[in-house]
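*Asks:* The structure is given below, and queries will be raised subsequently.
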Amino acid sequence: MKERDSESFESLSHQVLPNTSNSTHMIQMAMANSGSSAAAQAGQDQPDRSKWLLDCPEPPSPWHELKRQVKGSFLTKAKKFKSLQKQPFPKQILSVLQAIFPIFGWCRNYKLTMFKNDLMAGLTLASLCIPQSIGYATLAKLDPQYGLYTSVVPPLIYALMGTSREIAIGPVAVVSLLISSMLQKLIDPETDPLGYKKLVLTTTFFAGIFQASFGLFRLGFLVDFLSHAAIVGFMGGAAIVIGLQQLKGLLGITNFTTNTDIVSVLRAVWRSCQQQWSPHTFILGCSFLSFILITRFIGKKYKKLFWLPAIAPLIAVVVSTLMVFLTKADEHGVKTVRHIKGGLNPMSIQDLDFNTPHLGQIAKIGLIIAIVALTEAIAVGRSFAGIKGYRLDGNKEMVAIGFMNVLGSFTSCYAATGSFSRTAVNFAAGCETAMSNIVMAVTVFVALECLTRLLYYTPIAILASIILSALPGLININEAIHIWKVDKFDFLALIGAFFGVLFASVEIGLLVAVVISFAKIILISIRPGIETLGRMPGTDTFTDTNQYPMTVKTPGVLIFRVKSALLCFANASSIEERIMGWVDEEEEEENTKSNAKRKILFVVLDMSSLINVDTSGITALLELHNKLIKTGVELVIVNPKWQVIHKLNQAKFVDRIGGKVYLTIGEALDACFGLKV
């Protein structure tokens with residue numbers, strides 16, 4: 001078909017086209033001879049559908065749109081409230097409780113068999129949680145008991161308010177690193193541990209307030225500013241930084257840097273290794289690290305032994321503690337945890353410090369922690385909810401996580417969120433509901449009451465080994481390779497976050513990732529793609545000529561589609577210049593191929609992708625129209641959206657182009673050439 005169109009046009013192109021009307025006539029003959037068009041009369045029998053576009057009602061203003069959305073939100077709630085009023089009072093109370101506390105919904109159908117599964121999952125979870133919580137507390141520069149506190153109250157609150165059945169709540173490595181790396185710049189935890197603890201609790205309070213606000217006001221889109229690629233890079237960089245910091249405990253080093261960048265950490269390790277380090281501590285830590293990693297390999301290979309890697313850290317703690325106690329290794333340079341304060345979480349409302357001179361910085365750090373913690377928790381929750389086949393309510397998750405951190409800050413807990421590694425263990429152990437979190441929290445509480453004295457001789461190197469064993473799960477090389485193959489710009493955000501965390505600091509890594517993500521959005525807005533369209537053979541479908549090389553170009557017509565939702569000040573001039581450039585190139589190319597002068601008569605602009613246009617966009621369209629008219633080319637508009645056609649009418653642009661506005665490209669070509677294409 002393409003060859004027939006070209007041959008027909010070639011037969012006419014040997015004549016010089018003196019004016020537009022003659023050119024149009026000759027193109028019509030070419031198109032008719034090609035057999036790709038019906039008779040002109042067939043086109044005249046069709047209704048003039050362009051009037052539907054031009055006579056459409058006025059679209060709602062932005063103010064009315066905002067009012068409609070707010071009204072719709074309130075009407076939805078009002079309808080729920082009215083339906084609630086029709087119910088008996090006891091059912092009203094139950095419905096309200098279920099909305100706030102989902103546990104009242106699923107506990108009514110709770111069975112003994114489900115509890116057996118949750119009990120096994122909760123106990124398995126606790127065996128992993130207890131040693132990890134102690135290790136993560138030391139990573140956050142807090143006393144070990146604060147990690148255990150964080151594994152008691154937040155999981156209980158989440159079990160009442162959360163919607164995920166599998167997520168395991170507690171302290172995590174990345175949030176612990178964020179807290180220590182940013183807050184120790186304000187107060188040194190070594191010289192002023194009480195002041196540092198107050199900062200941590202106040203930061204946790206702010207993080208919870210931000211998280212709950214995101215859910216209550218439906219501001220979850222703020223979390224999306226950290227793209228998936230940025231999170232992958234950030235997690236990978238943070239994992240390496242955390243691993244390097246654990247060399248202090250693994251080598252038994254006393255003096256260590258407070259910086260988190262890789263250069264400072266490696267320099268500190270090198271200096272310490274030349275002066276003082278404990279071979280006994282290193283051998284002990286590496287031995288149990290190998291043991292934990294081997295059990296993890298066995299658990300992955302044999303699915304029935306999923307419980308083995310889960311209890312391996314607890315076994316490592318118990319065995320190493322007995323070894324140190326029996327051999328008195330603590331007298332030979334092996335550092336131990338020593339005193340861990342037991343008992344129920346003490347109240348800490350009085351420790352929240354809102355009079356500190358660092359309040360502004362604490363609020364900023366709280367916002368960062370809130371976003372990172374929510375991103376991790378919601379990603380984990382949605383992953384496992386998808387496997388189980390149910391929907392996770394993102395807004396309720398934000399509210400639940402926010403309230404658990406606010407209440408956690410009142411009970412000596414630091415920022416908690418969902419842990420991917422522990423959630424995977426919880427899922428593999430066969431958990432049915434959030435009851436597994438309750439079982440885990442009760443088990444940790446029992447450990448706080450009864451077992452803390454037994455941890456006096458637990459080597460710090462073992463805690464470092466437990467943290468190191470959890471880090472490979474944070475480094476997702478396969479996902480990084482996948483991102484590289486799919487989207488190079490996303491991979492740039494990944495690399496920026498990774499190297500930012502690794503060579504600068506955690507907050508710099510996050511900032512780099514967000515800046516690159518914004519830069520991607522801005523570049524796409526400034527330089528949107530423009531497609532040159534052609535007709536698919538034997539159809540009335542017009543598609544991108546680069547994607548589908550078999551498409552047939554219509555002689556004398558250039559058809560463009562702008563791949564952008566907005567035609568605005570940021571991209572209008574660029575789009576105008578590129579279209580004019582293509583028009584000039586097309587005419588030069590056609591003139592080179594044939595000795596006779598071949599004329600472009602129409603430029604058809606498909607606006608089906610555009611949602612809105614501003615005054616700069618309209619000005620650019622006017623300039624494009626004026627430039628095309630000077631070269632004897634007419635501009636035709638196709639399928640503008642409601643807001644777009646309204647603004648073009650208001651600006652009298654439709655009158656300027658002679659009302660050449662059509663619903664489809666085919667109708668535009670029919671009208672231009674008087675033929676049905």
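Placement of Cβ uses the backbone N, Cα and C atoms for every residue, glycine included.
So Swiss-Prot says this about it:
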TOPO_DOM  1-118  topological domain 'Cytoplasmic'
REGION    23-54  region 'Disordered'
COMPBIAS  28-44  compositional bias 'Low complexity'
TRANSMEM  119-139  transmembrane segment
TRANSMEM  142-162  transmembrane segment
TOPO_DOM  163-166  topological domain 'Cytoplasmic'
TRANSMEM  167-187  transmembrane segment
TOPO_DOM  188-198  topological domain 'Extracellular'
TRANSMEM  199-219  transmembrane segment
TRANSMEM  222-242  transmembrane segment
TOPO_DOM  243-278  topological domain 'Extracellular'
CARBOHYD  Asn255  N-linked glycosylation site
TRANSMEM  279-299  transmembrane segment
TOPO_DOM  300-304  topological domain 'Cytoplasmic'
TRANSMEM  305-325  transmembrane segment
TOPO_DOM  326-360  topological domain 'Extracellular'
TRANSMEM  361-381  transmembrane segment
TOPO_DOM  382-397  topological domain 'Cytoplasmic'
TRANSMEM  398-418  transmembrane segment
TOPO_DOM  419-426  topological domain 'Extracellular'
TRANSMEM  427-447  transmembrane segment
TOPO_DOM  448-454  topological domain 'Cytoplasmic'
TRANSMEM  455-475  transmembrane segment
TOPO_DOM  476-490  topological domain 'Extracellular'
TRANSMEM  491-511  transmembrane segment
TOPO_DOM  512-677  topological domain 'Cytoplasmic'
DOMAIN    548-672  domain 'STAS'
*Asks:* Just counting, how many other CB atoms are there within 10 A of the CB of the residue listed as 'N-linked glycosylation site'?
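*Replies:* There are 10 such Cβ atoms around the residue listed as 'N-linked glycosylation site'.
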*Asks:* Quick test of the contact rule: Cβ under 8 Å, at least six residues beyond the ends. What residues does that give for the topological domain 'Cytoplasmic' (382-397)?
*Replies:* 102, 161-167, 215-216, 218, 220, 374, 423, 427
*Asks:* Give the nonlocal contacts of the transmembrane segment (427-447) in its own chain as ranges (CB under 8 Å, at least six residues past its ends).
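*Replies:* Contacts with the transmembrane segment (427-447): 103, 106, 110, 114-115, 117-126, 129-130, 133, 148, 151-153, 155-156, 158-159, 162, 164-170, 303, 306-307, 310, 344, 384, 387.
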*Asks:* Please list the DSSP helix, strand and coil residue counts for the topological domain 'Extracellular' (476-490).
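*Replies:* DSSP composition of the topological domain 'Extracellular' (476-490): 13 helix, 0 strand, 2 coil.
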*Asks:* Are there residues at least six beyond either end of the topological domain 'Extracellular' (243-278) with Cβ under 8 Å to its Cβ atoms? List them, or say none.
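*Replies:* Sequence-distant neighbours of the topological domain 'Extracellular' (243-278): 138-139, 177, 181, 184, 188, 285-286, 289, 333-335, 460-461, 463-465, 467-468, 471, 501-506.
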*Asks:* In the same chain, who gets a Cβ under 8 Å from the topological domain 'Extracellular' (419-426) while lying at least 6 residues past its ends?
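*Replies:* Same-chain contacts beyond the flanks: 121, 124-125, 128-129, 132, 166-172, 306, 309-310, 376, 380-381, 384, 436, 470, 473.
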*Asks:* Using DSSP with the three-state reduction, classify Asn255 (N-linked glycosylation site) as helix, strand or coil.
*Replies:* coil
*Asks:* If you run through the topological domain 'Cytoplasmic' (163-166) with DSSP, how many residues end up as helix, strand and coil?
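*Replies:* Helix/strand/coil tally for the topological domain 'Cytoplasmic' (163-166): 0 helix, 0 strand, 4 coil.
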*Asks:* Using a threshold of three or more Cβ pairs below 8 Å, and leaving out pairs closer than 6 in sequence, do the transmembrane segment (222-242) and the transmembrane segment (305-325) count as in contact?
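*Replies:* No, the stretches stay apart by this measure.
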